[in-house]
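Straight from TrEMBL, the features:
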{"type": "DOMAIN", "residues": "8-435", "note": "domain 'TRAP C4-dicarboxylate transport system permease DctM subunit'"}
{"type": "TRANSMEM", "residues": "49-69", "note": "transmembrane segment"}
{"type": "TRANSMEM", "residues": "156-176", "note": "transmembrane segment"}
{"type": "TRANSMEM", "residues": "182-203", "note": "transmembrane segment"}
{"type": "TRANSMEM", "residues": "232-254", "note": "transmembrane segment"}
{"type": "TRANSMEM", "residues": "260-279", "note": "transmembrane segment"}
{"type": "TRANSMEM", "residues": "291-310", "note": "transmembrane segment"}
{"type": "TRANSMEM", "residues": "330-350", "note": "transmembrane segment"}
{"type": "TRANSMEM", "residues": "362-383", "note": "transmembrane segment"}
{"type": "TRANSMEM", "residues": "419-440", "note": "transmembrane segment"}
């Protein structure tokens, strides 16, 4: 009965338009009341869920991304990418892929990546003779790099959601997932996805003869020369250094991920104020306000998800799900396929942060039981969530791109299947070949990472 109250009340609140954080919190409180537990217990579990030093990484990563977003780095990255590959067939589309991938490593957010890069490059691609649907798909699917790059706030959210689960399942004192290992584990999968997207952008450009200008001309621009490529590269390089700062500090043991995030904020401030000189007082206040608002939303969601985790443990929901799947099959690879299918389905309806916080306590214990490490599972869940960002009915990133490109979601979806294939292939490779995500952090640490 408690599970029915928890589930039905949550769905009712969502249908009524209540934000996910409040819907989750209210449904948990109702379940607490039905069980006769004091409401103070719910509040204590909520506060304890965000009472950790590692949570400071969340506002720091968000603020660093906002500073770069408003500091002019997007234009410099786009100029470099266009100089590098803009003279090929579909060159502006491929430049878009390169630029969005690099900016995703700076902003750490697919939404911010699409808003910043899409606002510049989608109208430009339309003017240059590319279809709006093509421009939107290239931009939105390239922006997914932000979910897997070292500045990703969603990686931090997953690491925090996994706290306490790994030690409990493994039966040891390890109480969480190394954020540093997660930061490195996403690099190879993101290169795979972006390489696939790059090839798809080129293939579609050749197939549809993009760019096709109003006069019917399909003439390509000339290569600007390596001097221009070098000049634009060095113009964008200081902004890209934030990725190396985070990875270098963590890999060399100079700083924890939280401290590296704080260093990244200081570097971003110095860069945008004194080097690029693009940060005005209004932009700084806007960056602070947006970072504070986003941090508030994320931390509230983390707090109420801890209430949900307590409820799920109390009702033994993860064990019930594991038993149900074991009744369906005992074959590990098929079990993981079911988990991925459920994750993809949920990802199309639930926001990324909420998805991670709700499903990690449900599926991580079972995944570890079948030999999937917490780092590997983290990349699996991030890839599954990424598909939901670009797939209807929610598809928040895709809707942002469609709004910028002034094109319907249906028109973009009709030609998006090769891009979906890129994400699906990465999900399956990470799931069934663990070293695809764990080889790099294992190499850097000098010992196996799972």
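FYI, residue positions are counted from 1 along the chain as it appears here.
Every residue, even glycine, has its Cβ placed from backbone N, Cα and C.
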Sequence-remote partners of the transmembrane segment (419-440) [C-beta within less than 8 Å, at least six residues beyond its ends]: 137, 141, 144, 184-189, 192-193, 196-197, 200, 333, 336-337, 340, 344, 372-373, 375-376, 379-380, 383-384, 386-387, 390-391, 448-450
Chain residues outside the transmembrane segment (260-279) and at least six past its termini with a C-beta under 8 angstroms from it: 56-57, 60-61, 63-64, 67-68, 70-73, 76, 151, 238-239, 241-242, 245-246, 249-250, 254
Stretch among 182-203, 232-254, 330-350 sharing the most Cβ pairs under 8 Å with the transmembrane segment (362-383): 330-350
Averaged pLDDT score, the domain 'TRAP C4-dicarboxylate transport system permease DctM subunit' (8-435): 84
Other parts of the chain folded back onto the transmembrane segment (182-203), taken as Cβ under 8 Å at six or more residues beyond its ends: 88-90, 93-94, 96-98, 101, 104, 134, 138, 141-142, 144-145, 148-150, 152, 155, 158-159, 246-247, 250-251, 257, 375-376, 378-379, 382-383, 418-419, 421-423, 425-426, 429-430, 436-441, 444, 449
